[in-house]
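Chemist: Could you have a look at this structure, given as structure tokens, before my questions?
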Amino acid sequence: MERSGPSEVTGSDASGPDPQLAVTMGFTGFGKKARTFDLEAMFEQTRRTAVERSRKTLEAREKEEEMNREKELRRQNEDIEPTSSRSNVVRDCSKSSSRDTSSSESEQSSDSSDDELIGPPLPPKMVGKPVNFMEEDILGPLPPPLNEEEEEAEEEEEEEEEEENPVHKIPDSHEITLKHGTKTVSALGLDPSGARLVTGGYDYDVKFWDFAGMDASFKAFRSLQPCECHQIKSLQYSNTGDMILVVSGSSQAKVIDRDGFEVMECIKGDQYIVDMANTKGHTAMLHTGSWHPKIKGEFMTCSNDATVRTWEVENPKKQKSVFKPRTMQGKKVIPTTCTYSRDGNLIAAACQNGSIQIWDRNLTVHPKFHYKQAHDSGTDTSCVTFSYDGNVLASRGGDDSLKLWDIRQFNKPLFSASGLPTMFPMTDCCFSPDDKLIVTGTSIQRGCGSGKLVFFERRTFQRVYEIDITDASVVRCLWHPKLNQIMVGTGNGLAKVYYDPNKSQRGAKLCVVKTQRKAKQAETLTQDYIITPHALPMFREPRQRSTRKQLEKDRLDPLKSHKPEPPVAGPGRGGRVGTHGGTLSSYIVKNIALDKTDDSNPREAILRHAKAAEDSPYWVSPAYSKTQPKTMFAQVESDDEEAKNEPEWKKRKI
């Protein structure tokens, strides 16, 4: 296309200015002439220029990609054939250098062309960064980039896989250890809000732990013995969290408040009444207890007197109702554990004959469900618990087994797991908050390994996870639904709390971040003394002595102590005469141990009065002068005559 010059005009302007008009106006000409432009021609020229520059840019990019491919192939060939000739290498280097120069020129031209590019830019999806094969040793074409929607879909799939795997929900990344004592922690209780933990053990102590008020020292803020010298078997907070049910080895359960003060104590029944329904309370040792999940102030206990009794806090003088477990023959059987269902309408108890019996709460006569061989007879079933949906019951038997039951078909267990040793009559089992896992602990002999916390999947009942707790038995376990933390009581006096900072809420996370408080040292102010060893004695100030030493010194001074003079022992001294008989021994010698022998002749003493008796007889002679004036004496008899006169039965037998 030809461009019109500045001198080109169209129409009537080709003939130039009118000379007649110029003469009339009085000037020689009209000056410079205005330029005219062809817009269509200019637009066409611009379009062609843009197309040419875009073509050059695309050619430069294609050349650059081709060079990169050749470099990659050459690198692969060098790796395969390292012993290539030097001439080929030089040739390749020369070619590469020439290509590099050409590529640099093309890059410069492309940069300049990009700067001079006219028209709207290409969309970002069509303009991609050149692939750098030098950075990554990738063979073949690269996969296409993912869209944002595809990435979000993949992330959602990964999250769903994690949610489907219940093991990922176990909070066991961190743990803290609470030192209860040296004996077995046989009871654990956590309030519904998860603020306070209470532990009880074989050492009769009940300790309170406050997560919000506790620091990194992990010390209990209160310790007490509510049942004196009875082992604590069960501790449980009420559904409102204001009361704690304490079940010990005695026959009377207690209810205490959050601070440990007694609220009520159940009455003890009459031991001499045969029918246990007629007694007002338990008459034998308790095993466990449980609060009603819906009704405030109602709880349940089971005992060795073969009864399960329900109580009300407002009426401690008599139980509310009595359930009496029986065998198939109608005989008494001792319940070892009991619990309420989640809605509170059912009461389940496991007995020593291996049976599990479930009653309707309002019907105390006959059980609604009865399975007589749930566990081995003669073993103590330590725990029965309902799932959160209320359809499944888990039982932890003394026969080293864990079984799962469906109460809608209570004729056989759904699943059973064996090889779980237990040596304590209160070994726990519980459900996870999402009802997908079942947890229980195992017992061991001392020095024979470590106690474990075992996790089973509810759907398949496979052992999916284990946690090594400590070198002692695992007795109690508790999985709090709000905190998502696991509490464990062990046989060596420890209570452990397992949590995950990302999955758990509050609880142990509150006290871990607090530093341990430093112990305050008592400071005393004493009088300051300036000691100058070279000062004169008269100006020296005597040092302060202890009170005890000063009293001893004053005691030795008779003037200060006003000590009376002691008696003189032995010979006199200091102007004082020793007293004779001052001691007990000298007094005895003086008064008792004297020689009082009489050397006088008794005959002479009597004959001294003989003449006076003859002259004036009064005592003997006048008495017989009238009655017997002549003196008569008894005749002497021989022993033989006396022997003859004796009776036969008195005679001596020779």
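Just so it is clear, glycine is given a Cβ too, placed from its N, Cα and C backbone atoms.
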Chemist: Can you tell me which of these residues Swiss-Prot lists as SUMO2 cross-link: Lys32, Lys296, Lys496, Lys611?
Modeler: Lys296
Chemist: For the set Thr10, Thr547, Thr579, say which residue Swiss-Prot annotates with phosphothreonine.
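Modeler: Record says Thr579.
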Chemist: Based on the annotations in Swiss-Prot, which residue of Ser616, Ser621 is described as phosphoserine?
Modeler: Ser621
Chemist: Have a look at Lys268, Lys590 and find the one that Swiss-Prot tags as SUMO2 cross-link.
Modeler: Lys590
Chemist: Pick from 1-26, 365-390: which range does Swiss-Prot record as region 'Disordered'?
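Modeler: Spelled out, Swiss-Prot records region 'Disordered' over residues 1-26, not the other listed ranges.
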Chemist: May I ask you to name which of Ser290, Ser450, Ser638 Swiss-Prot has annotated as phosphoserine?
Modeler: Ser638
Chemist: Over the repeat 'WD 5' (376-415), what is the model's average pLDDT?
Modeler: 92
Chemist: Please count the residues of the repeat 'WD 5' (376-415) that DSSP assigns to helix (H, G, I), strand (E, B) and coil.
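Modeler: Across the repeat 'WD 5' (376-415), DSSP assigns the residues as follows: 3 helix, 17 strand, 20 coil.
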Chemist: In sequence order, which residues at least six apart in the same chain have a CB under 8 Å from the CB of Lys452 (N6-acetyllysine)?
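Modeler: The list for Lys452 (N6-acetyllysine) reads Gly441, Thr442, Glu466, Ile467, Asp468, Ile469, Val474, given in order along the sequence.
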